[in-house]
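> One structure follows; several queries about it will come next.
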Amino acid sequence: MCKKVFEALKWASSFLTERGRDENAGELLLRHYMGTSRAKLFASFRDELPQDVWLAFAKAVHQHGEGEPVQYLIGYEEFYGRTFSVNREVLIPRPETEELVYHALQRIKEKFGDKAASLVDIGTGSGAIAITMKLERENLIVTATDIARESLEVAKQNATELGAAISFVEGDLLTPFMEKGQKFDVLLSNPPYIPEGDRETMSVVVTEHEPHRALFAGNDGLDIYRRLLEQLPFVMNEKAMIAFEVGAGQGELVAQLVQDAFSQASVEIIHDINGKDRMVFAEWG
């Protein structure tokens with residue numbers, strides 16, 4: 001038997017709460033399957049759901065109850081005011097990364113003015129960082145790389161749908177650019193930074209569904225930063241800027257790694273809106 005909109009929402013909220021999931025996910029899922037806005041959803045509170053909508057919605061609620069991220073179920077996530085397609089091949093974009101983009105845009109403007117600076121995004125995943133940077137500052141010359149071809153396909157799709165002209169390169173960190181002698185003014189990266197030991201305490205929504213290659217990085221979570229910083233001197237220009245997203249509590253450690261690699265750099269740890277150390281920026285030249 002079909003339910004009315006408010007009945008479906010009430011059921012989903014109860015079902016998800018019992019399973020330790022976000023009770024508000026039901027609203028997002030129902031809006032998706034109804035193809036409607038939040039305002040229209042609540043305006044139709046007492047309308048009966050079509051049978052096909054109810055069945056699809058109920059199935060998705062059960063899947064989220066079992067741990068499947070809502071974003072994978074609906075196929076997209078919002079980032080910096082735009083809609084990005086996502087699937088199991090890419091990490092779901094997080095709000096913290098929006099802050100990395102915001103600060104990078106401000107600092108690029110301060111350092112390079114109106115120059116058409118070259119930028120590379122390492123481990124691009126869905127392409128959220130690279131695409132947003134290009135769309136927010138059109139004269140940037142943006143390159144994005146990922147080791148996984150499947151991830152690059154998602155990023156390419158997003159770039160096409162959002163109208164961002166970006167060069168995509170498949171490869172391991174900076175190796176493709178070292179081989180070609182290519183250099184950049186700006187490097188941004190949100191690499192894997194979760195210690196392997198944290199896996200057991202994390203939500204199954206993350207550990208059983210999002211790609212581990214985008215999450216975990218050795219015993220202390222710093223393996224990718226170390227590898228990047230070994231390669232960075234070969235691909236950065238004399239006047240340059242780099243910025244990393246880091247895990248909360250890793251700021252001092254990553255900042256020291258950066259300072260050791262670039263003794264001439266001005267290195268700064270930036271905290272997010274929640275007061276956590278989530279970004280490390282460095283500039284020189």
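Glycine residues also receive a Cβ, built from the backbone N, Cα and C atoms like all the rest.
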> For the S-adenosyl-L-methionine site, TrEMBL lists Gly123, Thr124, Gly125, Ser126, Gly127, Asp146; sort out which one of Asn139, Asn190 goes with them.
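Checking Asn139, Asn190 against TrEMBL: the S-adenosyl-L-methionine site match is Asn190.
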> Let's see if you can do this one: DSSP helix, strand and coil counts over the domain 'Release factor glutamine methyltransferase N-terminal' (7-75), in that order.
48 helix, 1 strand, 20 coil
> If you count the other Cβ atoms within 10 Å of each Cβ, which of the binding-site residues Gly123, Gly125 comes out on top?
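It comes out as Gly125.
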> From the Cα of Pro191 (substrate binding site) across to the Cα of Thr124 (S-adenosyl-L-methionine binding site), what is the distance in angstrom?
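Roughly 9 Å, rounded to the nearest whole number.
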> Restricting the comparison to the binding-site residues Gly123, Ser126, Asp146, which residue's C-alpha is spatially nearest the C-alpha of Pro192 (substrate binding site)?
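If we rank Gly123, Ser126, Asp146 by Cα distance to Pro192 (substrate binding site), first place goes to Gly123.
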> Determine, to the nearest whole angstrom, how far the Cα atom of Ser126 (S-adenosyl-L-methionine binding site) is from the Cα atom of Pro191 (substrate binding site).
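Spelling it out, the Cα of Ser126 (S-adenosyl-L-methionine binding site) and the Cα of Pro191 (substrate binding site) are 13 Å apart.
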